[in-house]
4 protein chains.
Amino acid sequence: MTTAKRKLDHIRICLEKEVEGGWRPFDDLSLVHRALPGIDADDIDTSCRFLGKDLAFPFMISGMTGGHPDTKEINVNLALAAQEVGVAMGVGSQRAALERAEVEETFSAVREAAPMIPIVGNIGAVQLRRGGAEVIDRLAEMIDADAIAVHLNFLQESVQPEGETEAEGAIEAIRSASDLRVPIIAKETGAGISGEDARALLEAGVEIIDVGGLGGTSWSGVEAYRAEERGDLKSAKMGRVFWNWGVPTPVSVVECAFSGAQVISSGGVRSGIDVAKSIALGAMMAGAALPFLAPATEGSSEVVEALRVYRRAFLTAMFLTASKDVSDLRSAPIVVLGRTREILEQRGFSAKKFAVHREMSR
Amino acid sequence: MTTAKRKLDHIRICLEKEVEGGWRPFDDLSLVHRALPGIDADDIDTSCRFLGKDLAFPFMISGMTGGHPDTKEINVNLALAAQEVGVAMGVGSQRAALERAEVEETFSAVREAAPMIPIVGNIGAVQLRRGGAEVIDRLAEMIDADAIAVHLNFLQESVQPEGETEAEGAIEAIRSASDLRVPIIAKETGAGISGEDARALLEAGVEIIDVGGLGGTSWSGVEAYRAEERGDLKSAKMGRVFWNWGVPTPVSVVECAFSGAQVISSGGVRSGIDVAKSIALGAMMAGAALPFLAPATEGSSEVVEALRVYRRAFLTAMFLTASKDVSDLRSAPIVVLGRTREILEQRGFSAKKFAVHREMSR
Amino acid sequence: MTTAKRKLDHIRICLEKEVEGGWRPFDDLSLVHRALPGIDADDIDTSCRFLGKDLAFPFMISGMTGGHPDTKEINVNLALAAQEVGVAMGVGSQRAALERAEVEETFSAVREAAPMIPIVGNIGAVQLRRGGAEVIDRLAEMIDADAIAVHLNFLQESVQPEGETEAEGAIEAIRSASDLRVPIIAKETGAGISGEDARALLEAGVEIIDVGGLGGTSWSGVEAYRAEERGDLKSAKMGRVFWNWGVPTPVSVVECAFSGAQVISSGGVRSGIDVAKSIALGAMMAGAALPFLAPATEGSSEVVEALRVYRRAFLTAMFLTASKDVSDLRSAPIVVLGRTREILEQRGFSAKKFAVHREMSR
Amino acid sequence: MTTAKRKLDHIRICLEKEVEGGWRPFDDLSLVHRALPGIDADDIDTSCRFLGKDLAFPFMISGMTGGHPDTKEINVNLALAAQEVGVAMGVGSQRAALERAEVEETFSAVREAAPMIPIVGNIGAVQLRRGGAEVIDRLAEMIDADAIAVHLNFLQESVQPEGETEAEGAIEAIRSASDLRVPIIAKETGAGISGEDARALLEAGVEIIDVGGLGGTSWSGVEAYRAEERGDLKSAKMGRVFWNWGVPTPVSVVECAFSGAQVISSGGVRSGIDVAKSIALGAMMAGAALPFLAPATEGSSEVVEALRVYRRAFLTAMFLTASKDVSDLRSAPIVVLGRTREILEQRGFSAKKFAVHREMSR
């Protein structure tokens, strides 16, 4: 199985199957409504800075794909839309392009389509360790990247028969790449990042963490479907038992933000309200992938439409929490309930402090 | 789309569709049963005063409609019944009548049908700000109102494509109208009023708050249905993601009552037990709209019947909590459980204090 | 509608309809299993004393019926079985026999069939107040009663159109009857008795309380069915909104036991395990009615069989909690969870103290 | 009904019916994901020592069957697989072999098929008391056992019509056998062992406890099915009301481990993740039976496959918690939620202490 072929499988399964879990941690959160916002919605400034560039709102299309010729159109549609709306965009793992130069254009087309926005490259921590810090420069050059996400996907690797599960040295590899021309973003792919890991990453020089928490697409689940298709029942079982493994996204946001990281909230961010909830919990911005995949197979205007619904819901959540700018939203009261509250409290955080206006965002 | 046409859509959708959420916050509340009430049910005094008039019990039919010729019959049926049973009644937004004098009678007919009861007029905060405080006098005169509800419906406006989302100056407009001949009632329309807003309203001179909390009709939901009907998928999505946005009614009652406001509990008040629970939590009275809409399309006697069931259940809840008058009910023990308890506690209120007899009602 | 006819309706509906609520409070309780009980099951003494007589185990068939000729057979079958197994038995309200002497035998047949067991008569608090304390003697004589239950069923009365809802003077009537030849048992019929009422009853001279708590047959529900059958939609609505009103049985047991009463646990006691749980919470014994109604329409041996399953499960629960006699069971650890725990804690009781061995049972 | 015939019934019912409860206590547990494990999965040492022998990972196939000629094949398939993978294995109760020598080979075949692994014999506490300590030597010799599990199954006995419910003297019998050549393991069969019993067992000289907690196969449930098949409705009712009786496995693990015992976690261990969760809670190892029964009726390679999935998931859970060896796993943070948390806290344990890294495993 080539890396490229696997990418197509992933896309097909995400489009056709139920790849999310039953529990939506974001539903445990409730922003406190302000009946009298005191501001005009039209005066609200949803913009923010990310990687030295302006965004229309604190959002990125998370890295999804690339590496197979058929994925180019998806990436281009995403990029055109991100450029038009003014959000950041990540690409899928660029590993395939390191291996086969002819698929480079499935990635580089993103920058051509979106010259002005922050674009985030992508490589696995294992490949970084193997390739050394100089691989970051090659990846950045390929797409004129504003940052490179080093993904930590040891769960997904673990549930595949030939998965790469060499995690030793990953943090050292990240450290060695942390003072290059482009900044490094540490990024999980669905199991979240705990406070323990956030502190290790900060110590290694990483300032931005994309939590990729539990609650959105389950890559264990995707691998379970793939394994079932090829009759590999053992791997299918593995994928199923690990389906819900990980740190839920809101918990991961809190743990990483309290550690001092700049946090991108991803994993189950399914509306602009979830973006706003993320920021009230301490994230700098949020990202999502799955909701844009189906539109991207249709055309860039469909992606634009989906992004605009996100932005409109985000602006409305700002409006209804009396947040004139994103900085205000950071201190908006948010009530944390249910299982998410239980986890936070077990892990040593007081949910109660989020439920009232906080003088300082962090 | 005219304001009047929109009113008919709202009525039709509320009659035909499921417009409430899945969670009933009032089910989290349990009044403590007294097996030995020590009083005769016939001796219980359910009456109260509201806006200088006597009510048979602390209840109002919340403002629903008006502004289109077809809505007159509904308003008349509601008014005849309110008059007969002795409860207060609100009208829907009188904005249409400010714009087109010929629909005034859809509102003024209410007073003709109900000469003795408190009638509450209705205008949006945005219209009040535009029209200035003198608009209150015009609205009051139109229906010989005992008070004017200034509604805060920024959520509903936000999920409509051309919604009016200028909240700046709303509190100043309310303040400027707070010392006129008729008192002002600040009223949400389904998302509730938090303690933060209650304090701002009190400071602006408003003494009565109709919480309009989460748990009853979702106007985001109604707008989602309307948007689907006209093929506006973006607005439909907005309506759906904001379906459950807001402060649950019992939480809003507690927050506003603790701030010192006179509270009308509305939003999911679906029986006389819910009225009693509201008062035990600190409300002065309660209101509901949706349960009376279908009866009002049939006739006033059907509305009378529905009101009498409310009153009978309210009287029974008083009887079974050993409350001889409404003042006794204010200190009746009520147990707060589940998600509602969680929210209250996150927001800094001890649910436990409601579970035992309180010496003072507030 | 005669009292007698109503009795037949009640029996028919209890046999044919779903008359219980959705929530089983006893499922929130878990006795702590002892893998090494250290005793032989055959050596366990399940017996207890009740009203000066010996019982095979601390259980009574709660009062169900009587007053219509057709109910005699049911009462006789219950009595024969209670006598054979050695449990106490209550009769339904004897009011009909006070009104019409010819139905006395539907009650007196109980004593003829069960000469040796404690038999508990039954009258409403309202009838007691009207008839005066001497009515107790008449009722006791009718069935050679060991005690008379004075039932408090103001909820059930409240949801009936012509219900008797005069609760004033009920406690005084009970007090006046509390030093007669036969002891008085205060008994609710499905809504439970709170600590507030338990203290009033103790002060009035009542030592035994049959809690009749929420969790078993809902008489509001039964009345809702009856009202629907006769097309009285207003009463049907009343019955439905009050379906789940009241203090859950385990909570009522704790509140009454802490007040110092001798407690009979009833309301949703659906197995011998529930009997054991009741005693670990502080009850002296338990009772149930509904599970024996269908067997009683078949024959006494069917009731015997049902009672024996209760006793066997009770004995097994004693065995598996290392309780050699009922007194041991009173201090057996029991874990209280979920909504029942929430209510207890809101009401000021620490659930935790039940979860470990208690030196003293009360 | 012979003991042997009963064994076949048990197997058939476990293969054909739903014999587990609705609640999975292990789902209340969540190991804290480490996105940066810092180790290579291939370097992880999953091995441990048990009864003086090496295991590939801390797991045993719990005792299931034996005693009827038809069960020999199942035991042999289990043993061949346990030997091949390198896990321990228990046999079902050897009582039948004490009674009828001709079925000894259904047990002794296990050692023949698995010469190198720890094999655990099995006898009921009641049989031990009757037979005296010397019976342990006979049982050990029969299968060259490394230990003998003395099972405590008074719940299962209690729900059978002729069950052996003489628990008096069981602890003394265990004490008398606790200093023989082979160690004794005290083992429940589905209702768990509380801290109270763990302390009694330790005091009696038992160092290893196999908790056999609530959450897996319900033997009450199995007996309910058997009783229904033979038309014994009374026993069926008993089985059903006791279906969920007992201490949930994770709670039992914590209670026994805190008492100082070496704990085998069993009862609902349905994947290698559950094995890892058990160890993070304080268990030395884990065991399971039901998941291997169906494979064992097919062949040893099917059992090998099932064991390998367990081991792979266990290794992955170690990897994703940054546990280089089993000792590391003991201090891995684990979040305890829901009903399991509630029970632990009622019983006096702070769930919170498990949610962070513990310096010492116990």
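Each residue, glycine too, has its Cβ placed from N, Cα and C.
TrEMBL labels come from automatic prediction, so no person has curated them.
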Candidate from A:ASN122, A:ASN244 that TrEMBL assigns to the same FMN site as A:SER62, A:GLY63, A:MET64, A:THR65, A:SER93, A:LYS187, A:THR217, A:GLY268, A:VAL269, A:ARG270, A:ALA289, A:LEU290: A:ASN122
Model confidence over the domain 'FMN-dependent dehydrogenase' (A:25-95), averaged pLDDT: 97
Rounded distance in angstrom between the Cα atoms of A:ARG6 (substrate binding site) and A:LYS187 (FMN binding site): 20
Position of peak Cβ density within 10 Å, selected from the binding-site residues A:ARG6, A:ARG95, A:LYS187, A:ARG270: A:LYS187
Number of other Cβ atoms within 10 Å of the Cβ of A:LYS7 (substrate binding site) across all protein chains: 22
Secondary structure tally of the domain 'FMN-dependent dehydrogenase' (A:25-95) (DSSP, helix then strand then coil): 25 helix, 17 strand, 29 coil
For A:SER62 (FMN binding site), nearby residues of its own chain (Cβ under 8 Å, 6 or more apart in sequence): A:GLY90, A:ASP210, A:GLY212, A:SER266, A:GLY287, A:ALA288, A:ALA289
Filtered A:LYS7, A:MET64, A:GLN94, A:GLU157, A:GLY268, A:ARG270 - binding-site residues with C-beta under 8 A from chain C: none
Listed binding-site residues (A:MET64, A:LEU290), ranked by Cβ neighbours within 10 Å, top entry: A:MET64
Other CB atoms, at most 10 A from the CB of A:GLU157 (Mg(2+) binding site): 22
Those binding-site residues of A:MET64, A:GLU157, A:LYS187, A:ARG270 having Cα within 10 angstroms of A:LYS7 (substrate binding site): A:MET64
DSSP state at A:LEU290 (FMN binding site), helix/strand/coil: helix
For A:GLN94 (substrate binding site), the one of A:MET64, A:GLU157, A:ARG270 that lies nearest, given that the binding-site residues are compared by Cα: A:MET64
Greatest inter-residue Cα distance in Å for the substrate-binding set A:ARG6, A:LYS7, A:SER93, A:GLN94, A:ARG95, A:GLN156: 17
Mapped DSSP class for A:ARG270 (FMN binding site), helix or strand or coil: coil
